[in-house]
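Everything below concerns the one structure shown next.
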Amino acid sequence: MSETTHDSRPDRVVLAYSGGLDTSVAIGWIGERTGAEVIAVAVDVGQGGEDLEVIRQRALDCGAVEAYVADAREEFATEYCMPALKANGLYMDSYPLVSALSRPVIVKHLVAAARQFGAQTVAHGCTGKGNDQVRFEVGITSLAPDLKCLAPVRDLALTRDVAIDYANQHHLPIATTKNNPFSIDANVWGRAIETGFLEDIWNEPTKDVYSYTDDPTYSPLPDEVTLTFDQGVPVAIDGRRVTPLEAVQEMNRRAGAQGVGRIDIVEDRLVGIKSREVYEAPGAMALIAAHKELENVTVEREQARFKKTVGQRWTELVYDGQWFSPLKRSLDAFIEDTQRYVSGEIRMVLHGGRATVTGRRSEQSLYDFNLATYDTGDSFDQSHAKGFIEIYGLTSKLSAAREAAGGQQPEASS
Ligand code: ARG
């Protein structure tokens, strides 16, 4: 290596570290292949599992020059999960964006660590086939265009077999069983499970796939919960104030116990592959169901119809790794504006895999009992309906008359 610059320190690489086999091996592997020092960054987004201090120590034992743990749970819930809730973000009408939401917050912490430790490169453990590589790298470019990206699994030929051999040869403090069948990604918003026998899309998920949810077939007695929202964000559960993180955690526990939020879909990845994914997101799915219904009560019709389209586009952008993009920011502003009156309470029953809304009330409600009722107290003047329909149907009437005059049958009878 020619040391022509006055700074003779080796390059530094910040690595998104999970504590698993691939990223543990990547620490030494990056060092050997590039000569760089590795700083391992573990970000706590509520993935549970191993103690993060143990993970931090493992990074050092695997050869990292620094290891850094960021507790991003509150930040993740407030700044990432809550916007997804306001958007009712369900990719392909089903998947609540679990992994797609966590990548941008991890990216923020990786970039901060790169600045703090003077690194020029950010590395992650993704393969070349998934969405997460895109989310990491587009995110990094968006926040720090000067930083380089490195994916050792994809770019430095760090295959699983190589990783196992490397870990054994170097006596790395990490289990190297070849039979962990699944690739799992988890955070407080949910859990994603893929690969293994699930790749045969006819195979039913087995019980061991799940950990956030209990089997809905054998659920305990129904659990009734009252959720209070303020401008689209849950602020109390059964009258107790909660932070966004606490709201998601408590709903994970209670809806999870009832088997709510299990999802099994074939999904369109950004890279063009269709892949089978199993998710469990009890808190997210229960909160979205409640939030949607409160919107039904409080959001004006035209705004609500348009918001559905905006929410879907927002969701696709987030799925596609465009969290920091200008369009996403603009759509955020629209969605935020729609939440102005989304305040009030939703009562729901959690049971047998379902979160069912059973009541709603709001000071900001647009529901008018006297307009809706068929009983006494009706304030809706039905005599106006006749003229409304006459004018509303006029264009259809005109075009139907033209078809009839031209000897054509109107649509319905042809
Ligand atoms: N398919 C999902 C997504 O792209 C989940 C990805 C989960 N990642 C993983 N390493 N298992 O958002």
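Positions of Cβ are set from backbone N, Cα and C atoms, glycine also.
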From Gly89, Gly118, Gly125, the one annotated by TrEMBL with Ala16, Tyr17, Ser18, Gly19, Gly20, Leu21, Asp22, Thr23, Ser24 for ATP: Gly125
Residues among the binding-site residues Ser24, Asn131, Ser183 that border ligand 1 - Cβ under 6 angstroms, in sequence order: Asn131, Ser183
Span of the ATP site, taken as the largest CA to CA distance across Ala16, Tyr17, Ser18, Gly19, Gly20, Leu21, Asp22, Thr23, Ser24, Gly125 (Å, rounded to a whole number): 13
Nearest of the binding-site residues (Ser18, Gly20, Asp22, Thr127, Asp132) to Tyr95 (L-citrulline binding site) - Cα to Cα: Asp132
C-alpha spacing of Asp22 (ATP binding site) relative to Thr127 (L-aspartate binding site), in angstrom: 10
